[in-house]
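**Student:** Taken from TrEMBL, the feature domain 'Dynamin-type G' applies to 55-286. The domain 'EH' annotation in TrEMBL covers 444-532. As annotated by TrEMBL, domain 'EF-hand' applies to 476-511.
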Amino acid sequence: MFSWVSKDAKRKKEPELFQTVSDGLRKLYRTKLLPLEETYRFHEFHSPALEDADFDNKPMVLLVGQYSTGKTTFIRHLMEQDFPGMRIGPEPTTDSFIAVMHGDQEGIIPGNALVVDPKKPFRKLNAFGNAFLNRFMCAQIPNPVLESISIIDTPGILSGEKQRISRGYDFAAVLEWFAERVDRIILLFDAHKLDISDEFSEVIKGLKNHEDKIRVVLNKADQIETQQLMRVYGALMWSLGKIINTPEVVRVYIGSFWSHPLLIPDNRKLFEAEEQDLFKDIQGLPRNAALRKLNDLIKRARLAKVHAHIISSLKKEMPNVFGKDNKKKELINNLQEIYHKIEKEQQISPGDFPNIKKMQELLAGQDFTKFQPLKPKLMDTVDDMLKSDIAHLMTMVRQEEAAMPSQSVKGGAFDGTMNGPFGHGYGEGAGEGIDDVEWVVAKDKPTYDEIFYTLSPVNGKVTGASAKKEMVKSKLPNAVLGKIWKLADVDKDGFLDDEEFALANHLIKVKLEGHELPADLPSHLVPPSKRGTLA
């Protein structure tokens, strides 16, 4: 009886099926989240509606920093190529937002034309008006780096109230718009000027809720001595700690990101390691793009739900006939109490609520009588999306990642640090002796042999127990020594001969010098007597 009821309920609980993660995110947003946003005027308070291009576009990297910190030079360094509209100099040169994107033909698309292109994710930027659009352009160029990512260059941040007013548009609001849509935000600082201006501080605070995307680069670090560099790094961390309110320490990459010779080469190895770490982070963006979009949609859905509770609460408190204006002023002034009430009733985290001052300013220009009361059906639909559909998409994200394991940024500076003898770590640590004809361990083998024969080898080999007594003298943890034993016992017989024992000691030295152990024994470290005998 009434079998159709149970079938309908079952259909409701089952997550929707999608072909790809991007397709799924687009459909979920349109059918489940967008109706809630439109009902409670979310777009007038927080962020414009998302479009197809927001779900389909390549990962984007946003560069932010004060003037002359090397933002444009950083982009040129990554691509190893100039791009249209590029200007570099010690004075404030870049006065526009430049979206550096891939194109078959080199050229510039002006802002007004850019925001009407449905294939580009910039259509909603027309809300910032001509003052901004005249300072916005897209530089298209056929470059292999841009086949995987797009890069947004921004005007240098200056100090003083005059600079903020003279722009003619809300600079911080534009950056916040980009922050919501990009995959990585790189804050650049010059090692010579760490003062964080008022506008820069305002910008960084505007990036709240996007801390997971932020990376910091301390640029031009080759121009100061090691002792000064330590002080500059400490001062930068102290300054950032006052602005970025997170319990974790923000990741700072130190180096000089351009192709010029190092002025002070003392920290060359540090700069190489830092550059490699930053490049790996950027190269992982295409593979993690779907997960980033999924994460951003979840954050947006949570904010939209909180916003709906705020708007419906204000509507509920409004009188039907008289005293509407006075009540509106009272509600705006008491918005903090409304926040607390919603927080307790709905069990919502305080961190999910929008900035109260900004909300009060926006509410002042709204007609509260046109607000909608709470509609449980719309809220339930978004809850259902977060509980079942998003979980299904998470599974699809992992499947898509597994299907594209080699997807990463290629070309430009990324290739220069990966291939050949100038790749990071080449010829160091476990890679020492990689190009030598002689076995690299042989030079220290006489010393290791003296120790080997004090361990009373039987038939030319020492037992694990005997080797352990000597190896633990290194004070390395058992887990590390166990890995060294596994690498050194090349023939896997549970004993070490003189060559294997020398190899074990060589690997101990590698680890004590601060290098990582290889997952598998490199061919140049295999003892000469074992070469050709292993399958």
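Positions of Cβ are set from backbone N, Cα and C atoms, glycine also.
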**Student:** Go through the chain and flag residues at least 6 beyond the ends of the domain 'EF-hand' (476-511) whose CB is under 8 A from any CB in it; none is fine as an answer.
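**Tutor:** Result: 429-430, 432, 440-441, 444-445, 448-449, 451-452, 457, 460-464, 467-468, 517-518, 520-521, 525-530, 533-534.
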**Student:** What is the pLDDT of the domain 'Dynamin-type G' (55-286) when averaged and given as a whole number?
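**Tutor:** Computed over the domain 'Dynamin-type G' (55-286), the mean pLDDT is 86 on the 0 to 100 scale.
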**Student:** Per DSSP, how many helix, strand and coil residues does the domain 'EF-hand' (476-511) have?
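**Tutor:** Split into helix, strand and coil, the domain 'EF-hand' (476-511) gives 25 helix, 2 strand, 9 coil.
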